[in-house]
Amino acid sequence: MSTEKLAQPGERELTSRGFFCAAVAFAMMGFTSTCWGPMLPWIAERNDLSISTSGLILAGFTMHTLIGTVLVQVFGPKKDLIWFIQRGIIVAFIGFIGVVTLNDAVLLTLSGCFAGVGYGATGLALLQLFTRSGNASHVRMNLASAATGFGALAGPFTIGMLGSSNIPAIIILAIGTSLVATRFLTGAQWRVEKFDHKSQTKQNQFQLFIILMAVIFYSGLENSIAAWLPTIIKASDGTLESGALSSAFFYLFFSLGRFIGVYIARYLEPHSIILICILATFLPFSFAMFSRDHMSLGLALCGLFVGPIFPNSSSWIARKTPGFPLATTVLMLAIMAGGFIFPPILGFILELAGIDGFLIALAILLGLSAA
């Protein structure tokens, strides 16, 4: 198959205004995503559901982010990125309204699934925009991810400060901000290209496989800590607000890790940063395992080292697979697969085996990431 040129190089440049608007949308999507942690016990308490059942609502959301991602990949050559970004965020907005306002478990799950489709489509389109535009750079991707990290911190922190009773307003305002930001986005009027991909990834195939496997387990680790840390705090005679603040503490270190990633990206190659970060995560996690009184601090500190992994994985894959946007889609699928598979499993483990079983399961995920 020959390459089909869908846009001139100059037409694929992400303008400064476009980068700012896309970063704001990305940040507020991060804000909304990390609110799932404090939302899970809130949903369970509000609707008289078990911990594992509330986890299944999150699983429905995450599974359908996979579907949204695939839709962008399948129809990407037919529509500009801006088309997916603006319509995807509307779908996510409608779905999240249902998640925070409906009371029936089935309708909650369906709303979560609907939100997931829009969230996945928008997320992949924004990632393609950051990594595949004509003026894309490794540092710029880290800056966008740092903004997302800040949004991720702000989500649970806002709930912790304003109280769980304000969750509906907080979520609607956050995803609504993303929606508004996409209305002003410029530099996204181009499509993902068609290509002959067999020659694009052969020399990097093994490395690509290793990176993707590490990302799946890393994503499971990050999402499981963020999703269930508030529940653990609440189950340990804490309040939902204190649980939300513990999640915010995790994302504080996560955000710091993203900003540190911006700096070290100037000196180290992405694959080196990924390996160093995964191995360094063993330090705070061991602290959490063996110092139960400071478990929440140890788990929160893990965020410092998992923060830089996603942007550097994205940049490495985009750099190694020019003209092969499917690789970026596969990365998103790997991240979403980890977030879909492992948090519900660890929710069942937490319910059946308690905190000890939960920590052992996290240790296994971390070991698999490093392996």
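Note that Cβ sites are derived from N, Cα and C of the backbone, with glycine treated the same way.
In TrEMBL, annotation is done automatically, which means it is predicted and not curated.
Given the structure is predicted, the values throughout are model-derived calculations rather than measurements.
Here's what TrEMBL has on this protein:
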TRANSMEM  20-44  transmembrane segment
TRANSMEM  56-74  transmembrane segment
TRANSMEM  81-100  transmembrane segment
TRANSMEM  106-130  transmembrane segment
TRANSMEM  142-161  transmembrane segment
TRANSMEM  167-185  transmembrane segment
TRANSMEM  206-228  transmembrane segment
TRANSMEM  248-265  transmembrane segment
TRANSMEM  272-289  transmembrane segment
TRANSMEM  295-311  transmembrane segment
TRANSMEM  323-342  transmembrane segment
TRANSMEM  348-368  transmembrane segment
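Residues 14, 50-51, 53-55, 57-58, 61, 85, 89, 92, 96, 99-100, 108, 119, 122-123, 126, 129-130, 143-145, 147-156, 158-160, 164, 167, 170-171, 174-175, 177-178, 181-182, 184-186, 188, 226-231, 234, 240, 243-244, 247, 251 of the same chain lie 6 or more positions beyond the ends of the transmembrane segment (20-44) yet place their CB under 8 Å from a CB of it. If one looks beyond the transmembrane segment (106-130) by at least 6 residues along the same chain, the residues whose Cβ comes under 8 Å of a Cβ in the stretch are 14, 18, 22, 25-26, 29, 32-33, 43, 47, 56-58, 60-69, 71-73, 76, 81, 84-85, 87-99, 136, 140-141, 144, 178, 182, 187-188, 192, 314, 325, 328-329, 331-332, 336. Outside the transmembrane segment (295-311), and at least 6 residues removed from its termini, the chain residues within Cβ reach (under 8 Å) are 141-142, 144-146, 149, 215, 218, 221-222, 225, 229, 232-233, 246, 249-258, 260-261, 264-265, 273-274, 277-278, 280-281, 283-289, 335, 355, 359.
In this chain, the transmembrane segment (206-228) lies apart from the transmembrane segment (81-100): fewer than three C-beta pairs between them fall below 8 angstroms, excluding pairs fewer than 6 positions apart.
Remote same-chain partners of the transmembrane segment (56-74), defined as residues 6 or more beyond its termini with a Cβ less than 8 Å from a stretch Cβ, comprise 36, 40, 43, 84, 88, 91, 99, 105, 108-110, 112-125, 128, 192, 223, 227, 325-326, 329, 332-333, 336-337, 339-340, 343-344. Counting Cβ pairs under 8 Å that are 6 or more residues apart, the transmembrane segment (81-100) and the transmembrane segment (167-185) reach 3 or more and are in contact. Highest Cβ contact count with the transmembrane segment (167-185) among the listed stretches 142-161, 248-265, 348-368 falls to 142-161 (criterion: pairs under 8 Å). For the transmembrane segment (248-265), the neighbouring stretch richest in Cβ pairs under 8 Å, chosen from 142-161, 272-289, 348-368, is 142-161. Residues 19, 22-24, 26-35, 37-39, 130, 167, 170, 174, 230, 241-242, 244-245, 247-248, 251-252, 254-259, 261-262, 265, 307-308, 310-312, 314-315 of the same chain lie 6+ residues outside the transmembrane segment (142-161) yet bring a C-beta within less than 8 angstroms of a C-beta in it.
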